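Engineer: Here you go, one structure.
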Amino acid sequence: MASSSNITQVLETGSKKMSVGDYDEIYKFSCDLVKRVGAEIVAASRVREKLYETKSSAIDFVTETDGRVEKLLMDAIAKRYPDHVLIGEESAVEGKHQELTDAPTWIVDPIDGTMNFVHSFPCSAISLALWANKTAEVGLVYNPTENKLYSARRGGGAFLNGDPIHVSGTKELSQALVMFEVGTSRDPAKLRCVASNFAALHPRIHGFRSLGSAALDMCMVAQGGADAYYEYGLHSWDMAAGVLIVREAGGYVCDTTGADFDLLSRRVLCAANSELASQMSPMLAHVDLPRD
Ligand code: LIP
């Protein structure tokens with residue numbers, strides 16, 4: 001796992017100075033927390049028929065487990081770091097909108113891949129990230145049913161269950177395995193964008209894959225199992241940890257237009273390298289979505 005003994009290095013954040021030692025502690029705390037709370041998801045997964053409600057669309061699901069896991073994560077973080085800001089998927093849905101500021105901010109998705117969780121398709125993950133000064137410092141994506149913990153610290157590399165991971169070396173789009181998601185919206189403009197991008201890319205790549213979890217798709221790029229991933233319609237909590245894991249695995253993260261990545265923009269393009277991203281972005285059709 002990443003660590004640093006240089007506890008004298010001090011980094012400015014919005015509300016207080018954070019040392020590398022602080023981030024070491026946060027990293028360890030976060031790894032322990034997702035492992036502990038992930039057991040709740042495993043236990044709930046054993047129930048075959050799961051109750052769910054819908055949120056933004058008829059295929060955007062939330063379960064009692066999403067809310068309970070988010071509360072367990074948020075309560076533990078608030079107890080340990082009472083002056084840090086919290087942004088959570090389910091809290092946001094309840095109307096607790098939280099701006100991203102320079103302050104140390106935890107961004108929490110209790111179950112990324114809720115549709116998978118409802119269907120017992122074993123690709124769901126807790127996504128937990130700490131951002132400070134609008135920069136990702138710590139990112140964890142934990143698939144508890146498969147006991148896979150992807151983790152990264154800024155400048156410290158990316159890991160799967162403690163072993164270093166790296167993106168693939170694929171630079172040619174014609175050789176690429178590309179991940180994408182249809183997403184949880186049935187908005188016609190969004191679906192036209194998804195269909196158009198599929199049609200544009202499909203004849204030019206090796207193939208498409210989808211895991212049904214944005215966070216796990218990004219981790220698959222980070223570990224070199226896929227070469228790129230793009231999606232429209234995401235939220236900050238889907239991407240906050242995964243983008244750091246991709247970058248720390250040596251990958252490239254940008255906006256789907258090729259511009260700088262913006263966590264609140266609802267879209268992302270991750271690739272094994274900038275060469276691959278620059279072949280993809282001109283081919284993608286875009287859709288305007290309200291910012292987070
Ligand atoms: C969902 C992702 C899914 C993606 C959706 C959404 P949720 O997150 O897992 O892969 O296509 O845009 O972000 O709602 O399950 O946390």
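Glycine is no exception: its Cβ is also placed from the backbone N, Cα and C atoms.
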Engineer: E89, E90, E137: which one does TrEMBL list with D109, I111, D112, D238 for the Mg(2+) site?
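Structural biologist: The candidate from E89, E90, E137 that TrEMBL ties to Mg(2+) along with D109, I111, D112, D238 is E89.
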Engineer: Neighbourhood of the Mg(2+) site (E89, D109, I111, D112, D238): other residues with Cβ within 8 Å of the Cβ centroid, in order?
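Structural biologist: Going along the sequence, the neighbours appear as V108, P110, G113, T114, A125, I126, S127, S213, A214, A215, H235, W237.
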Engineer: Cβ-Cβ under 8 Å from I111 (Mg(2+) binding site), same chain, 6 or more residues apart: which ones?
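Structural biologist: Counting only residues 6 or more apart in sequence, the Cβ neighbours of I111 (Mg(2+) binding site) under 8 Å are I41, T63, T65, D66, V69, F117, S124, A125, I126.
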Engineer: In sequence order, what residues of the same chain, 6+ apart, have a Cβ less than 8 Å from the Cβ of D109 (Mg(2+) binding site)?
Structural biologist: G88, E89, I126, S127, L128, A215, W237, D238, A240
